[in-house]
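**Q** Can you keep this structure in mind? I'll have questions shortly.
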Amino acid sequence: MTSDECNRRVSSDNDYSPAAAELQLEAIKQGFPGLLGYFDRNLQAAWVNDRGRRLCAEPVGRSCREIFCRRQAACDDSCAAWRAMQSGKIETSVRGVQLSVEDGEELVYDVTAIPVRRASGEIDGVVIMASDVSERHMLEKQLRHTQKMEAIGTLAGGIAHDFNNVLTPIMGYSEIVRMKMRRDGSFDQTVSDYVDEILKAARRAKSLVEQILTFSRSHEKKELLQHIHPIVKEVMKLMRVTLPATIQIIEEIDDHCGLVSVDPVQIHQVLINLCTNSAHAMAGRRGTLTVRLAKTGRDEEGKEWVELSVADTGCGIEAEMVERIFEPYFTTKEKSRGTGMGLAMVHGIITRQGGRISVQSQVGVGSVFRVLLPIARELTQLEQIISMTEIMQGEGRILLVDDEEQVVNVTGQMLRSLGYEVVGMTSASEALALFSEVDREFDLLITDLTMPDLTGIELSSLFRTIRPDLPVVLFSGYAEQFSREAAEQAGVREYCTKPLTLRQLASVVHRVLHRTEPGGRG
């Protein structure tokens, strides 16, 4: 009998007869949104409502541990029903009970057990109410994961800040050495090669920091017009030393498939995720990972695309799962193997960069992920970059403020090699005191964003009260969050992430002093 039928029958009775009371009890039983049942002193089910049968098709006569825990062992303190029988008080589960439903689905229930006493006061059994809180449990789990990622992001940002400060003198002094050799006529090919190797390693380290910041969501997207094949080759070099020897790697890379406007760090992350996902699909077996990069023909709208595909000979994905593969937190892996965020992140990155991603898969055969990125038509930006063969020199007096002495020293040397006069300081307060006395002697302020006594924006704001027209360049060790509006009001013209190459530094300073576009982030 349904709850509605019970309600209609009860409302038609005007007395409080046993029959009416029985109907009322039945209405309560069937109207309860979860499991409602009575369990005797041995904690065996005497009756259970229809909704409770979702947990167990034939619950009557079964113990609570069989219904809730799917085990034969005796109940313990984790069982609310057992505690209620022992204490004679209403007991609840601590955080819910996981129930392995017979169709394989896993649910989470909050359980309340209410002891029932005879007239003599002896406990006769317990009424158990179990409410499905699976959705709430999932949302709480997602919240905890988000908080964990935010904590990791904060930690990664701090590490990136310090690490980029270490890289700044390494890259800066290496470039100064190379420039001095050329200027002084003391060029030595062997030394030059050594310096190039140092710079190459430093740039690789900088790229790794940017990848960490992408993972931690502290990375700010920087789209550049470029060929994508060097990124693919770099990732595959990493994959060859990372993946097990049981996986054969095949590369089919077209070096002439066109220019695309992408963030290289994020594309790097996309390919690592796809390759790692394919490797997991081939875990414990021999397999082949094939990565292809090629130019496609024009589509119906006349657009040309670069296609990046990652194919594996792994376990494959069931058809009904393929439709959900890019959903956040959805995963076909074991709990210990992933969070279900990798492919969702890949989908988000590709979509934001104007691309498309699709997957074809067959169980027992393998999967192919295809990424399409639009080929850029405008070459103006690239031509401007290529044409900038000489590092721009300049003149002017610059006040440089950073709490890291090595950063001040190397950045000062780099600026002096470009023709600028530089006064370097490691204290924001001392820099403010100096500027208060001789503000007109400086043409530009370059300041670190994060310093112990004053932030770069606070320092810029104080400078602006003394001299409103002073332009400011803000440096930082990583992509920190700050108010762009407050920065602009403080006179900040450019925001740059350390370490900068000599060419980048020259370009930023020249641009700010001559008020040329583009402004913003360097």
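Yeah, the Cβs are placed from backbone N, Cα and C, and that goes for glycine too.
So TrEMBL has the following annotated:
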- 90-145: domain 'PAC' (DOMAIN)
- 158-377: domain 'Histidine kinase' (DOMAIN)
- 397-513: domain 'Response regulatory' (DOMAIN)
- ASP448: 4-aspartylphosphate (MOD_RES)
**Q** DSSP helix, strand and coil counts for the domain 'Response regulatory' (397-513)?
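**A** Each residue of the domain 'Response regulatory' (397-513) counted once, the result is 56 helix, 26 strand, 35 coil.
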**Q** Would you mind checking how many other C-beta atoms are within 10 angstroms of the C-beta on the residue listed as '4-aspartylphosphate'?
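**A** Excluding its own Cβ, the residue listed as '4-aspartylphosphate' sees 25 Cβ atoms within 10 Å.
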**Q** The domain 'PAC' (90-145): mean pLDDT?
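**A** A mean pLDDT of 78 is what the predicted model shows over the domain 'PAC' (90-145).
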